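Annotated transmembrane segment per TrEMBL: 35-53, 59-77, 84-103, 123-146, 167-185, 205-225, 232-249, 255-278, 285-310, 452-470, 491-509, 521-542, in sequence order.
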């Protein structure tokens, strides 16, 4: 634990029941985050009102302002962050990606929030309804008695909260890295395939483990202590370069972005909870912040566009040629500008254009809701084909031997060979040529097409166990501290949960309300199994090295 964030409390040191009692300085960072997020909100609102005064834009801006003020005032509280950090992260992620980030990123690109939205009011209306459902579901979840005592845990007894050694994290990272190499060399299509055999799914599930070594500096989150040594820093820098090269060679923005986002989220979560001390603002921090903003909007954004420029040629080029061509395209400002201009002018019945920055668009996903709602209007509410596809998609999450017994008529390969975006687009009249395009749907459009407004009820019910299971990755630790006159215990995360932080933040919106069901049936158990195997396997090297 970061000792600089604590002060010793001598009055408790002599008590045997509390061998490590400290006084927590508290999460002053949470208050700062709320204040500055509202300040930025106000500035962005003023900017939008001044430059883009239209009826739709003003209505949407009012919606965003109300939602963010409610979320920061009543949902993101010190008590909620400490008791339900990961389930709350789902709610924060949804509010951010559907309300706050679209406002922030469109303002940075000098666009209205409603840029290229055909149904802007419907998009934010459904997002608001989903958020209300999440509030209610999370409230019901907090009433469950099973959540009042997390000192004992099945996952704890299985070793999920044992602090992995640095070598174990490196071994996990190497296995995840080799999984990326396997896809790069032997099966490039596996990176995007939804279907496939069990071995293929297992390889896909190993990708996040490539970022395990980056949690070494944040060991306080999972019960570790000790400073990071310089050799470790050098190794991390070298490992980063290797991952960066693989990302370009695979022509995959996600390889580089998802894992590093998890690290950033982990540090941010540690600051919110008070595990890490809040750094003092100085010229170094300011310069670093300015550099970060420039890097995301400059080189990183250009890299994302460069990958799109060469994507059509990746099957015809060697890995070395693909890397070289991507690097050349990244430095060609004119080609990047022309590609972005073409994207803005492109017209299609399925339109995903919203932000120019390919990486920022991963965290502002309202255009997928708009595209799905447009198709849902054509398909109609309570469409029996859409409903059948959604239900069968859930059945398809079962292991093949079980599926062949309970639902032998379902062909998992053909079912998962298309996304929900592909399917609803096909139903709307685009035809079978859409299959395999993996267009990203959104649960608002696909949900309305399948179940009408009942999709909100289904979502609310299934999210209760989802909240429960994610918070199972958090327990009370053995260290104790005094906060506001009370003695409390510290919080310990499982590395298994930390590796999935970006996925947790982006958990909603999913393509369909079927998403949480498939997570409960297969996704959660699979993540537990793989982490358990890798933790035990890497532990063999620790034992053999003694």
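Any Cβ shown, glycine's included, is placed from N, Cα and C.
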Select the range from 167-185, 285-310, 491-509 that forms the most Cβ-Cβ pairs under 8 Å with the transmembrane segment (452-470).
491-509
Quick one: do the transmembrane segment (255-278) and the transmembrane segment (84-103) have at least 3 Cβ pairs under 8 Å, skipping pairs fewer than 6 apart in sequence?
yes
Most CB pairs under 8 Å with the transmembrane segment (59-77): which of 84-103, 123-146, 205-225, 491-509?
84-103
Sequence gap of 6 or more, Cβ distance under 8 Å, 3 or more pairs: do the transmembrane segment (84-103) and the transmembrane segment (491-509) meet that?
yes
Sort out the residues at least 6 away from either end of the transmembrane segment (205-225), same chain, that have Cβ-Cβ distances under 8 Å to it, and list them.
1-2, 161, 163-164, 166, 169-170, 172-173, 175-177, 179-180, 232, 235-236, 239, 243, 255, 258-260, 262-263, 266-267, 269-270, 275-276, 477, 492-495, 498-500, 503, 526-527, 530, 534
Short question: which residues 6 or more past the ends of the transmembrane segment (491-509) have a Cβ under 8 Å from it?
82, 85-86, 89-90, 92-94, 96-98, 127, 130, 134, 155, 160-161, 164, 169, 208-209, 211-212, 215, 218, 221-223, 258-259, 261-262, 265-266, 269, 273, 275, 362-363, 365, 368-369, 442-444, 466, 470, 473-477, 527-528, 531
